[in-house]
Amino acid sequence: MVLLPPLRMHLLLLLPLVLPLLLLPRPVVPTPTTAAPAPVPVAPRPLKGREPRLFTGSTKDVEAFIDEVETNIRLQRMTDDLDKTGYFSTYLKDGNPKSWYYSVKATDMSLLSDYPRFVASFRSQFSDSNYAATALRQIKALRQTGSCANYAARFRELLAHVDFSEQTKLDQFCDGLKSSVRDKIVGVRPKPTAFEAFVTLAIEIDNDLHENEIATRERAGGSRSTANSSRPNHHLAVSSPPASSSTSDPTPMEVDSLKFRGPLTQDEKDHRRRNNLCLYCGGPGHDSGTCPNKSAKAKKRCRARQAGPAQAGKA
């Protein structure tokens, strides 16, 4: 029997335990790579709106001008007051508006870095100090003369300068509406209590009334056209050319003093002759000489015309 050295024996005994560990898959160690650069922040592109009007110095344009300028300031995301006042100044027209800006630069530069104070100074310089009272008078005198939408737009414009409660807005707005619109609103249940909802209702009613008015006119026009085209000929007096010397021609017709119509067409004449109808009124049972639809004046003229040739023959 061959004896193995002790160390070798130990290795052989450990081999069944170590071998499975050696056969396990080795974990993948990631190789170091260069880190990607952090993204550079990009400033959002400013939005572009309609440019403000050029301020000419008119008191009635002050608030609208300020609103337009500040809308563009927000869209362009301006945050620095110096940028805001500089932007504001570019829409001041030469003359009084621009002269005021130059005086601010010369006497109080601090205003250029304080936008709220700058706007307050602008208002005190150009706005109507009694504009609220003026706007109130204009609201009370305002009346709807065209569409309700146009009336509402003007009402809102003036409303910006007065301090009205919701109910006062409704009352003043309703007072200026056309009576036809007010009458329709009376029947609405429940009525809107919010001003904007009330305005929307009034505009819808006004539009409906306008559409109905157009439809009524169109129907009336169509009815008149249909009535004229379908009216029978015996309701209309007609005129004919002077009688010829032929004995086969009927007695000439006169135009009634209250009715006017052109001469009969040849087809209509032929139709009446074939059917023994009166050439004057189109009725049966008589001729134009004895037509009961002729006025007394027309009959007299007809008799005079018939007597004329007879007297000439006797002479």
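Note: Cβ is positioned from N, Cα and C throughout, glycine not excepted.
Unlike curated entries, TrEMBL annotations are predicted automatically.
Look at TrEMBL and you will find 239-252 tagged as compositional bias 'Low complexity'. The domain 'Retrotransposon gag' feature in TrEMBL is assigned to 94-178. The region 'Disordered' annotation in TrEMBL covers 217-269, 286-315. The annotation signal peptide is assigned in TrEMBL to 1-30.
Confidence for the domain 'Retrotransposon gag' (94-178), expressed as mean pLDDT, is 92.
Across the range of the domain 'Retrotransposon gag' (94-178), the DSSP-based residue counts are 62 helix, 0 strand, 23 coil.
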